[in-house]
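If you check Swiss-Prot, you get these features:
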- 853-872: DNA-binding region (DNA_BIND)
- Ser39, Pro40, Ala41, Gly42, Tyr43, Gly44, Lys45, Thr46: ATP binding site (BINDING)
- 829-894: domain 'HTH luxR-type' (DOMAIN)
Amino acid sequence: MLIPSKLSRPVRLDHTVVRERLLAKLSGANNFRLALITSPAGYGKTTLISQWAAGKNDIGWYSLDEGDNQQERFASYLIAAMQQATNGHCAICETMAQKRQYASLTSLFAQLFIELAEWHSPLYLVIDDYHLITNPVIHESMRFFIRHQPENLTLVVLSRNLPQLGIANLRVRDQLLEIGSQQLAFTHQEAKQFFDCRLSSPIEAAESSRICDDVSGWATALQLIALSARQNTHSAHKSARRLAGINASHLSDYLVDEVLDNVDLATRHFLLKSAILRSMNDALINRVTGEENGQMRLEEIERQGLFLQRMDDTGEWFCYHPLFGNFLRQRCQWELAAELPEIHRAAAESWMAQGFPSEAIHHALAAGDALMLRDILLNHAWSLFNHSELSLLEESLKALPWDSLLENPQLVLLQAWLMQSQHRYGEVNTLLARAEHEIKDIREGTMHAEFNALRAQVAINDGNPDEAERLAKLALEELPPGWFYSRIVATSVLGEVLHCKGELTRSLALMQQTEQMARQHDVWHYALWSLIQQSEILFAQGFLQTAWETQEKAFQLINEQHLEQLPMHEFLVRIRAQLLWAWARLDEAEASARSGIEVLSSYQPQQQLQCLAMLIQCSLARGDLDNARSQLNRLENLLGNGKYHSDWISNANKVRVIYWQMTGDKAAAANWLRHTAKPEFANNHFLQGQWRNIARAQILLGEFEPAEIVLEELNENARSLRLMSDLNRNLLLLNQLYWQAGRKSDAQRVLLDALKLANRTGFISHFVIEGEAMAQQLRQLIQLNTLPELEQHRAQRILREINQHHRHKFAHFDENFVERLLNHPEVPELIRTSPLTQREWQVLGLIYSGYSNEQIAGELEVAATTIKTHIRNLYQKLGVAHRQAAVQHAQKLLKMMGYGV
């Protein structure tokens, strides 16, 4: 729960001086990106902005405290303040913030600005006490906020110092409105107004001016002088002389003498006890101070001018002026040291009664009460964990003695899940092993099963599927039906293990079961994970259309539950990119891969390896080797600076080896082949992929025999495990092996198998990347006119893609080529004596590329009858009677010119 007072603008108090000159300056705040109010404590920053905000509706207010350095807490309150300003317009951001479903503050702010694009009237967001922020991530995120905020939004920041928000740049661009301590200092006229409404007997204007000068217009000093003058008989000027030259850091003695020593003992204790509360209401005051009429007491303290201010329009929430509050907390530690733990315990109990466990934990920690802290955690820790209050939980668990954790194994489990969420896998097992060693009878029963479920998740994350399977099965055997979270975890792990082992049908069933349980219990990240796994399994089985439909369900879940910022979102858009690439929808595949990189923009660059490999695949399919090389440089740098799952390494190696194949870089392939891992098995798609990489490198090096052994074994495994997409890929690589080895009939046989299987998978780009060798074989098959209709159509589509994205074959017959051809000593005499026109050379190139008459007409944008005329003329000039003879003639010319066809 969010504390309402932190989101409430302070109420404009009676007897305050209206700062007309400053309000006039602030009236143009909507013309600036940032309004910055800076001064030391006590200059009236908050009072000024509360006066300016009075009557404004489209304004959000966020009062900071020390706890707001936690990113998740900062995000929750800031978005809540924006919701306040827009009357609930930013619903998606609110859900994302509440459920912690965002990758970073910047990505959350980006979503906020998308929602605000539809809001056209002026908006204001006030952040008070920004000097309390010390987290550099928040500073950087707020710089992003200011750079990208909509033109109609003005950020108003109140701070005791100059915040790290790129102020200089804003100042240069005239996007900054500044009010500093010199402007905030009271003028003589404002000081006179102040004393006139605070003192029963007015003072002369000259006296008021002298007092104002003595304290340099410092508002807090003027307030202290007025308070002292009311409580004592000495003059205001005498108090002013005492305060002259004193600043906020030297006020303690003065406040003791002039404030605390001039109130009765009951009021003194009330001030000291209540000061431990960052915000307070009637119930908190009753419990912490023991006074029955807390609201009345707070209003009385406010009337006495003891630096207490209302935090909301209802008047229910109060807080002390920061300067006075800090002073009181320090005095409380000195004067009430013995009582302080009990005071904090009372505060914790009251916060708990009002439903604010995080505030209660703050006081339980301050009280040093391990038992209270334990009880709060036992009741609320998992809720805080699910809301990503990880820093607070970690601090709390560290404060508990080990014996307390052993007495409450669920807290050990919580600590282990915290470690798991931070990828500290080794520490998880160490912690659980130690707990099991020391807790009696823990090695059986429900808690042991929950330990095993977590251990199983750690094992699969750490690349140990056999151990993960053993632990997941043990957990499922021992977990009661009602322990849904651990059952979801164990079922998901078991499904992933079966996926790794190639048992795709069983794995798919378990992932569908995981999805059903996760949806039933609102465990959305596991629901998303299970859908992603289902899609991968269906892709491996060759059911790409069903995989697509499963991905659509996952995208729908992301939209409904606002999971866009989860790292798993990148996984989904990446496998969508892989599917689009397979279908030769390269522009969409590239856009999807880039969106995956955007999701991971706040993470380490190593996390982007997979999407980067996908971008390289797109470049390779287009034949854009320059771009591929540039991206490969970055990929190889990432490979050398990180530790990756075998699946990631396999995908990275794939694009490297294909690039070497396309560029004929045998040295790089040979060096890689000497050092790359040779997996023991090939029973899943990523192990198949790595062995395929090895075979491709061997083919490039002319090592046909070992490559054939590898590919035949891969095919045997793929057929037995029904890894149909891998079988399709393997057949294509085997085709290249046979073609290069001169075994043309074998090459044609496996190519026909690959084309037939592609009717199921829909593969296009897997054929395209094999380039001219594939194009030549497809041209021959098309000319034979013996392919079934579906295979014929696919072959023509693949050929068009090769011609579009790779070097156009008719480009061999451009003007430069024709000139060199005609000057070649071996050119046929018929070509010399009856030269073709440039258009006829282009038509010959397209015939050689396998284009039909209609396709040639479309390519050259002329009528089909015109193409027939060109074909008749070139046949006559070449001395050929039919299309196949023209193809053979073109092939001879290309070979003569040194082209490897």
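Any Cβ shown, glycine's included, is placed from N, Cα and C.
Residue environment of Lys45 (ATP binding site) contains 23 other Cβ atoms, counted within 10 Å of its Cβ in all protein chains.
Same-chain neighbours of the ATP site beyond Ser39, Pro40, Ala41, Gly42, Tyr43, Gly44, Lys45, Thr46, judged by a C-beta within 8 angstroms of the site's C-beta center, are, in sequence order, Arg160, Ser181, Leu184, Ala219, Thr220.
In this view, Thr46 (ATP binding site) is surrounded by 20 other Cβ atoms within 10 Å of its Cβ, with every protein chain counted. The binding-site residues listed here are Pro40, Gly42; among them, Gly42 has the most other Cβ atoms within 10 Å of its own Cβ. Ala41 (ATP binding site) is surrounded by 20 other CB atoms, counting those within 10 A of its CB over all protein chains shown. If you take every residue in the domain 'HTH luxR-type' (829-894) and average the pLDDT, you get 85. Sequence-distant neighbours of Tyr43 (ATP binding site) (same chain, 6+ apart, CB under 8 A from its CB) are Ser181, Leu184, Ala185, Trp218, Ala219, Thr220.
Remark: Ser39 (ATP binding site) has Lys45, Arg160, Gly180, Ser181, Leu184 as non-local neighbours, by Cβ distance under 8 Å and separation of at least 6 in sequence. Taking Cβ-Cβ distances under 8 Å and a sequence gap of 6 or more within the same chain, the neighbours of Gly44 (ATP binding site) are Arg19, Leu184, Ala219.
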